[in-house]
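In what follows, a single structure is set out as structure tokens and then discussed.
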Amino acid sequence: MGTSESCKSEELCTELLEFQTGDTSTESVIQTFRLLVYGVLHWVVSLGLILAIDFLLKKAFVAASIEFPSALFGMFCIFSVLIILNYAIPSAAMALMKFFEPGIMFIQRWLPLFYVPYLVVLPLSLKDISPSSAIKICLIVVGGWLATLCVTGLTAIGVRKAVKTELIDAEPMEKPSPFSSSELWAWTGIFLISFVASLVYPTALGTRARTYLPFLLASTVLGYMIGSRLPSSVKKVLHPIICCAASAELTAVVFGFLSKSGLDPVLGYYLTNSSSDPGAGDILMGFLGSVILSFAFSMFKQRKLVQRHAAEIFTSVIISSLFSLYSTALVGRLVALEPSLTVSILPRCITVALALSIVSFFEGANASVTAAAVVVTGLVGANFVQATLDKLRLRDPIARGIATASSCHGLGTAALSAKEPEALPFCAIAYALTGIFGSILCSIPAVRQSLLAVIG
């Protein structure tokens, strides 16, 4: 999953080497191989350290019975270290950024995959939800997205007019590399071999969850790769994350039919929520903490922009977070949605990585419903955010970026920034800060009690 993240520096070094030597001798080939090995090791170590930090923080917070999201604390620590280093030894801060770059690019490249597991197992959670409740949830999610977009955008415009800060160019945001044909064929091979092997030897790796893990993971990855290759016009209707979930779901249906076990058991092995017997979904969910940690590097890179436009960004994000949480609670009560379901969709505008941490503060929340509400919000925003902003006559790139990320997080951000790159830095900042403020608010007992009082 990470070959491309280690190739950029390697290719540049190889081209430079060939330019200097003027040949492709055996020595040059050996040197190229060394650079390749170095690139892979750099990627493994940088990503491994991010995952290790997340794991150790989780363990420490559990041992200390601290409810605050451990990854969010880690993000603050990393950001603080970078700021201090940049003030004391700027070269050290830049070196640290450069060191973790391969790992960060890996996380950004595969980010949508980490949202998928709860969407795949959604059929198991929907069994206990009535059709009327499902309709109410959809109405709250769609209407809430539109309301949050309007409130955030208009707030940003109002503050912009008050402070009159001139817009400056942001630091360029590097885009992850596209998927290659070799990656596609490699994952196809893994899928076919492990699928057949699991049919013949269902407990070959000790348990069914471990045995099914390779082909269920491969089906999810292949769905994302194929979805990413679709034409832009098709992606508006069939987003890559939908292809991703549909691919895993279809694989589970086919395997359940051929093995005569049915769909539900296979989905149960996809996401076991057990560290001792993980499924494909558990592996993907294990990266959510690292996603939050990566926010520190994104915000540090755009620190000058954050400082210059602090009034617009922080005011809009805080108001957006408060409005989103309390409006969801109020509308849920008005339409008589079950309190447990209303609680589950409170963080609908916040990225999955932090939304799941937020609902863990509340008893009786359904994490699958939370993840589905977040993903649906993102999909609605990805398809309609640009046209809606145009209808609202919000032309300012700062307002467009903040409103998009605060209302439909990463999926909306990706859709808007593809056509409006000037809005991407503000999307990236608001994307991180909305989740951060939402988590901080819900970690305060008085805020949680007030939300529950509104829900009834």
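Along the chain as shown, residues are numbered 1 onward.
Quick reminder: no glycine exception, Cβ is built from N, Cα and C everywhere.
TrEMBL labels come from automatic prediction, so no person has curated them.
Per TrEMBL, the feature transmembrane segment maps to 35-56, 68-89, 110-127, 133-163, 184-205, 237-259, 279-300, 312-335, 341-362, 369-389, 423-447.
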The transmembrane segment (341-362) versus listed stretches 35-56, 133-163, 237-259, 279-300, 312-335: most Cβ pairs under 8 Å: 312-335
Among 133-163, 237-259, 279-300, 312-335, 423-447, stretch most in contact with the transmembrane segment (35-56) (C-beta, under 8 angstroms): 279-300
Cβ pairs under 8 Å between the transmembrane segment (110-127) and the transmembrane segment (423-447), at least three: no
Same-chain residues near the transmembrane segment (312-335), Cβ under 8 Å, at least 6 residues beyond its ends: 136, 139-140, 143-144, 147-148, 151-152, 155-156, 159-160, 163, 165, 306, 341-342, 345-350, 398-399, 402-403, 406-407, 426, 429-430, 433-434, 437-438, 441-442, 451, 454-456
Closest-packing stretch to the transmembrane segment (369-389), where packing means Cβ pairs under 8 Å, from 68-89, 133-163, 237-259, 279-300, 423-447: 133-163
Chain residues in Cβ proximity to the transmembrane segment (68-89) (below 8 Å; excluding those fewer than six residues from its ends, i.e. six or more beyond): 53-54, 57-58, 60-61, 96-97, 288-293, 295-297, 299-300, 303, 353-354, 357, 436, 439-440, 443
